[in-house]
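The following features are taken from TrEMBL:
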type: COMPBIAS; residues: 624-636; note: compositional bias 'Polar residues'
type: COMPBIAS; residues: 640-658; note: compositional bias 'Basic and acidic residues'
type: DOMAIN; residues: 305-570; note: domain 'G-protein coupled receptors family 3 profile'
type: REGION; residues: 624-670; note: region 'Disordered'
type: TRANSMEM; residues: 304-331; note: transmembrane segment
type: TRANSMEM; residues: 343-363; note: transmembrane segment
type: TRANSMEM; residues: 369-388; note: transmembrane segment
type: TRANSMEM; residues: 418-438; note: transmembrane segment
type: TRANSMEM; residues: 463-484; note: transmembrane segment
type: TRANSMEM; residues: 496-518; note: transmembrane segment
type: TRANSMEM; residues: 524-548; note: transmembrane segment
Amino acid sequence: MRSVRRRNATGMFTWIGSDGWSARRIVSDHNEPQVEGTLSFQPLAHTVGDFERYFRQLTVYENSRNPWFIEYWEDMFQCKFPGAPLTPYNVQWANECSAEESYERTGAFSLDMEGQLQFVSDAVMAFVHALILMHQDKCGGKPGICEDMNPNDGPLLLRYLRRVKFTGITGDEFEFDQNGDGPARYNILHFRKVSVYPPSYDWVSVGQYNKSGLMLDWSQIHFADRDTGNERVPESVCGRPCGFGQAKSINPEEKCCWTCANCTVYQYLASEFECLDCPLGWLPYPNKTACYEVAITYLGMDSYWAVGVLSLACLGMALTALVLVVFLKYSETNVVKAAGRELSYVLLVGIMSCYAMTGLLLLKPMDVICGFQMFSIGVCFAVCYAALMTKTNRISRIFEAAKHTAKRPTFISPRSQLIICFGLVIVQVIIMVLYMAYSPPIAEFYYPSREERMLVCRSHVDASYMVSFAYPILLVIICTIYAVKTRKIPEAFNESQYIGFTMYTTCIIWLAFVPIFFSTATNIPLRITTLCASISLSGTVSLVCLFAPKLYIILLRPERNVRPSLMPAKYLVKTNTTSMTSGTSDSNSQTSAPLNLHSTPVIAPKIEKNNINANSKALTNLSKNLQTGNHNSSPAANKLPEEKKMPLQKKTDDKEEAANSGLRHLGSFSSNVSRVSIGSNVSSNLSYSVDSLPSIDKESLDDVQL
């Protein structure tokens, strides 16, 4: 209380006192303003009147059995017995005690009895009644202590104590409850001002508590508000009620009190004392009483992410359909035949599939849809690049074989090419079936944040799509290598150059795609959009680079869609106007013209001065490759029978053999005369008849052009 006074905190506290210090003057004396308003509890006890009368009649001589009674007497009457030892109670007194002192005669102060003497008497009476019950049970009513009670058994006596029930000397009923406690009876005291002038304070009984309940006289209770000076009832709470979204946090050292702790943003109030996190995909209600499910989202065709890639895919599908229609309409023209109709159709199907993948990737994710996505992405690329690889491989093998032999390479027919192409695609199919059996694609929830829940295919999250791309990437690499190897073939066979440009551009696209794909792991919509764009761009590159030049000739330059335009411009020939019967020729009558199978053309190579010997040897080899047998261009040769003189008129049943044989000779020509230019300045008028190409006719030449 002195601390409260020093801190000027009088009136800030309402004290609750226990029976240890309540109603004691040592607490309230000189601290009345600080103690004012205190409520205290004391065990309810009544005065034991008979004991007080007995005690007042005791004297030193009549109570010699109590060794402490002399000290009590000296302290009570402030005297000292002669010959008594010095004690803290008599050392300060000089008066001698006569043993005749009495409480009434001294009048110094009244004898105040301890208010809780009733509990002492009740305790003694409880033991008395317990011994009586034990004596009745053990001794059968015989007087004195029988053998069964001597020596006494403590646990046995405790059982009898729990059974006692009696009326005490104060008139109150007494018995122990089931826990072994005495009756719960309390007197409620209140320290308040009882007089204003002069100010005086006292402890006032304002109520009781017993087994019947609480009885309180509120009219006797007065509290002072320090701030207003008015009386008010203080809030008596161990902890204030918690608000919405708050849980009680119990201090282990103060189990009856608590503090209120706020639930976090993603927690709900599971109980009065606990906040729990909402599961992923759930958010708490504003009042934190429960969680609600977050709406499911997915990247669909109505998303703003999808507008651009869908537009590109639709445009690409329209252009692919246009190309397919044109190729079907002009399928018998030389440009379409030269492009390889069968593989071109396969390639167009693959390109169309690439564009269609955008729509498939934007469907609502389900296990079946995820499986189709996983399977189709790799297969559509495998179809495209298997067709391109088959083309470049055929070109490379034909020209490589022409350098060494006139024998036709194997597996270069359209049927063989289709079998090879579909065989390459089957490899991708097997890879995807095995992988999908090992790791089935499923649709699952992805949580970019606690507020979002996206339904995605698992392959979008763990990047397992790269398994689908592994084999097509290998085909791209091999196809690019073939494109590099065949980049220097004659211009008439420049399909390989277009394929090469397609492969270079495709490699750039995918080199850019891979890092973008892995860097967007936390943004699934952007990752899917990037994937769609890359697939469509790959199809667009193949469509533009491989088919745009052909459509240009078919639709805008139909005059070039004939056989003479298929040979490169630099391979001009000179038409020999010599009479087939006379064997004479006029050098002045020779003119430059494109290759014509129905004339007698000659190829006049112009040999550089520094390489005459080397090129002469090359031309000798070229002669052997271009001619069948020892064909002679001398006049005597004109006298041969007509069927031997003009072998082009002799058709074979195997046009495919003729086409590939001619292609091999042209490949040999390209290899041996890479330094030769065609012109009219010929130092040695060597001429070789193109008619000597074995078994070539109009129809078979179409297939030579690649």
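Note: Cβ is positioned from N, Cα and C throughout, glycine not excepted.
Note: TrEMBL annotation is automatic and uncurated.
Only residues 6 or more beyond the boundaries of the transmembrane segment (463-484), in the same chain, are considered here, and those with a CB under 8 A from a CB of the stretch are 374-375, 377-378, 381-382, 384-386, 388-389, 392-393, 395-396, 424, 427-428, 431-432, 435, 439, 441, 496-497, 499-500, 503-504, 506-507, 510, 514, 517-518, 521, 531. Counting Cβ pairs under 8 Å that are 6 or more residues apart, the transmembrane segment (418-438) and the transmembrane segment (369-388) reach 3 or more and are in contact. Counted as Cβ pairs under 8 Å, contacts with the transmembrane segment (304-331) are highest for 524-548 among 369-388, 496-518, 524-548. If you look at the transmembrane segment (524-548), the same-chain residues 6 or more away from its ends with a CB under 8 A from one of its CBs are 299, 303, 305-306, 308-309, 312-313, 316, 319-320, 323, 344, 347-348, 350-352, 354-355, 357-358, 361-362, 377, 380-381, 384, 388, 446, 448, 454, 456, 460-461, 465, 495, 498-499, 501-502, 505-506, 509-510, 513, 516-517. Residues 343, 346-347, 349-351, 353-354, 356-357, 360-361, 363, 421-422, 424-425, 427-429, 431-433, 436, 440-443, 457-459, 464-465, 467-469, 471-472, 475-476, 479, 499, 502-503, 535, 538-539, 542 of the same chain lie 6+ residues outside the transmembrane segment (369-388) yet bring a C-beta within less than 8 angstroms of a C-beta in it.
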